[in-house]
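Here is what TrEMBL says about this protein:
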BINDING   B:8-15, B:33-37, B:52-55, B:112-115  GTP binding site
BINDING   B:Asn19, B:Gly23  Mg(2+) 2 binding site
BINDING   B:Thr22  Mg(2+) 1 binding site
DOMAIN    B:1-161  domain 'FeoB-type G'
TRANSMEM  B:281-299  transmembrane segment
TRANSMEM  B:343-367  transmembrane segment
TRANSMEM  B:387-409  transmembrane segment
TRANSMEM  B:421-442  transmembrane segment
TRANSMEM  B:448-470  transmembrane segment
TRANSMEM  B:515-533  transmembrane segment
TRANSMEM  B:545-562  transmembrane segment
TRANSMEM  B:609-631  transmembrane segment
TRANSMEM  B:643-662  transmembrane segment
Amino acid sequence: MVAMTQLRVGERAKIVDLSQVSDLVKRRLLDMGVTEGAEICLKCTMPLGGPFMIENCGQCVGIRRHEAMNIQVKPL
Amino acid sequence: MMHIALVGNPNTGKTSLFNQLTGTYEYVGNWSGVTVEKKVGVLRSKKAKMIDLPGVYSLHPLSRDERVVTQFLLTESFDKILNIVDASQLERNLLLTVQLLEFGKPLAIALNMVDVAERRGIFIDQTKLAEALRVPVVPVIARTGKGCDEVERTLLEKVAEQTELFTLFYGEAMERAIERFIASWGTEEQFPVRWLAIQFYEGNSYVRDYVAEKWPEATWRSLYEQAEKEVQHAEQMSLAQFIYEKRRSFVKEVIQQVVQRTEIGQVTLTDRIDAVVTNKYIGIPLFLLAMYILFQLTFDWLGAPLSDLLDAFFAGPLTDSVTALLEAIGASEFIRALVVDGVIAGVGGVLVFVPQIFILFFFISFLEDSGYMARVALVMDRLMEAVGLNGKAFIPLIIGFGCNVPGVMAARTIEQPRERLVTTLLTPLMSCSARLPVYALFVGAFFAAHQAIVVLSLYVLGISLALILAKLFSLTILKEETSVFVVELPPYRMPQWQALWRSTWDKGKGFVKKAGTFIFGGSVAIWLLSYVGPHGVNVNMDDSFLAMIGGILAPLLAPLGFGTWQAGAALLTGFLAKEVVVSTMNIIYHVPDVESLQGLMATHFTPLSAFSFMVFVLLYVPCLATVATIYKETGSRKWTMFSIGYALVLAYIVSFVIYQVGGLFGF
């Protein structure tokens, strides 16, 4: 189990733990179907500590790096 | 008349469907949050009214536009719900559907984007979906209008007035809690109290306020805490999470029954575009390049030649034929002067810029409709984070380039209240299209060789100041609030010409309308003020009332490089709408066309003072319509006054520095 920030671009992983993410962000991720057990793919990252773009069931979502750091995933 | 509410997730084509069903056209874009306010239209058959609501993922609101939906359901009377569902994202769409079904109103589902889903290997059995949810399901392609007749027929005929209430079983502990709530509530509501109970336990902030109006805090708190404890004990999950999980497992079951998947390994076009557009290294340069091309097209390549043609027409054939006509009917000298020097000079001076404004709006519509806007939010987030905002705040700023009013309204989609406030206050610094005529006038006169660069520098100045002030405000008024950023990135799509033209026209027509009303009236008033003075009518303009009024401001403006009564009067009238500055100048300098006005101005301004004047016009106060919108959005007189006050101070300081420092360098 690693933080999402450890993934390489293009790598797929399963979300294991969202409990460290702030409530508001967690709610929004839930709304978009990014939940524990969901399979995601890291699409790209922005430079200088910028946001991450992840894909889940064909839906792309942008989140900040420090939120991604709090998301625990299991690479597939 | 029957009222039908249109509800669905963001960016599922709600507004497109609304436009198809009602025959009107609303603003359509490809980013979450295009609709921030409800809109009402009449169905083509004139048998029912349709209400377009902002897109929501859930009835439990996080941002202000989402509150509009929950508020609508709770407080307004309507008859049926049309739930638009994105077939390619069935799971999260149905999570909302479940909440709507629990609400108990007759409901029909419009299943949109079936084509997109099929391309991704998702095949939905509509009959089974209709059976599983016990509501009519109609497949549509909202963008082209396919299936819309069927939707209308279903809404009017097949959706029963009274349906058996959809009930999802939430497990024993939760059901006991729901029953306790219903038993204590007592009063009749227009909707099932069960729905109210579930939303209350889920933590819906709007519903909680609604409940708190009726019950003392101790009552609802003890109900909530008891439920929380029992569910935690029975299910080892928080109340909100448990309710969500229950809904999700129901939705998953439904999907299992109705969806067939085939693996399609192909890389989609969106993936390929994103590989470039959101590339780590070229994402930001590409955005800047796109902006640069946009400005070149608007000003140099396309806009300027068209404007020149129009200007020649106003100054030549139009003025001549109107003069001839007025002479033929024997109009008095006064009327002739009023029409030619007042109306044609004032209104025509602004209408000349219609091509540029439409080109700008066209490209903004293109950015919105294609799906690039959401990527801009992603690409710019790092920069916005540095100044205490988030990437989503960049969208209102870009829309503000077209017009500040929708820009201010677009700020609603930002979740955090203070970030929203700061974005609202800063959007007027974006150089809107109404300021364009002013720039075009001055750059044409003083910077003919470097038009695009000088105008671009004003846009960049506006953005830079907005970012600096954002940082300043975030260190003062919005400290202690952490910024939040989660953005949905929709698939790209090729905008349809018809939709593009419609939204361009929709935005641009306000400008044309303003020319016919505000600017027309303003031109007549300004001309009259310049025609009449304390010593009678038809006075030398320097002795007119206008000169007196402008003269009061002139000494104040002298340190900025334009201490003339003409500049003072023009700026004063510019509060109505910024393009009135040009009308006023046309009337004051009493010239037939923009070209000769530019020649004349060379004697009143230097290039440096002209630049200083443009900067002042860019910053000095939001126009009347924007001020009204800021008041509406913030609901606070204090912040509205602040938005005017800080802009004036900022404009004065920046223009002062530019003029004085520029003078030192000998410009």
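Backbone N, Cα and C atoms are what each Cβ position is placed from, and that goes for glycine too.
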Problem set entry | Cβ-Cβ distance under 8 Å to B:Thr22 (Mg(2+) 1 binding site), same chain, at least six residues away | B:Gly41, B:Val42, B:Leu43, B:Arg44, B:Met50
Exercise. Which residues of the same chain, at least 6 past either end of the transmembrane segment (B:421-442), have a Cβ under 8 Å from a Cβ in it?
Worked result: 299, 307, 349-350, 352-353, 356-357, 360-361, 388-389, 393, 396-398, 400-404, 407-408, 411, 414, 454-455, 458-459, 462-463, 465-466, 469-470, 473-474, 477-478, 511, 514, 574, 577-579, 581-582, 585, 594, 597-598, 601, 605, 610-611, 613-614, 617-619, 622-623, 626, 630, 633-634, 639, 642-643, 646-647
Exercise. Which whole number is the mean pLDDT over the domain 'FeoB-type G' (B:1-161)?
Worked result: 85
For this session: Please indicate, using numbers and ranges, the residues of the same chain that are 6 or more beyond the transmembrane segment (B:281-299) and have a C-beta under 8 Å from a C-beta there.
Result: 356, 359-360, 363, 367, 372, 375-376, 379-380, 440, 451-452, 455-456, 459
Exercise. Looking only at DSSP and grouping its letters into three states, which state does B:Pro54 (GTP binding site) belong to?
Worked result: coil
Exercise. Of all the binding-site residues given, B:Gly8, B:Gly23, B:Pro54, which has the fewest Cβ neighbours within 10 Å once its own Cβ is left out?
Worked result: B:Gly23
Problem set entry | Cα distance (Å, whole number) from B:Gly23 (Mg(2+) 2 binding site) to B:Asn11 (GTP binding site) | 20
Problem set entry | Contact set, same chain, for the transmembrane segment (B:387-409): CB under 8 Å, 6 or more residues outside the stretch | 27, 31, 33, 36-37, 360-361, 364, 367-368, 373, 376-381, 419, 422-424, 426-428, 430-434, 459, 463, 466-468, 470-471, 473-475, 478, 483-485, 487, 507, 510, 622-623, 625-626, 629-630, 633
Problem set entry | Proximity verdict for the transmembrane segment (B:448-470) and the transmembrane segment (B:545-562), three or more C-beta pairs under 8 Å | no
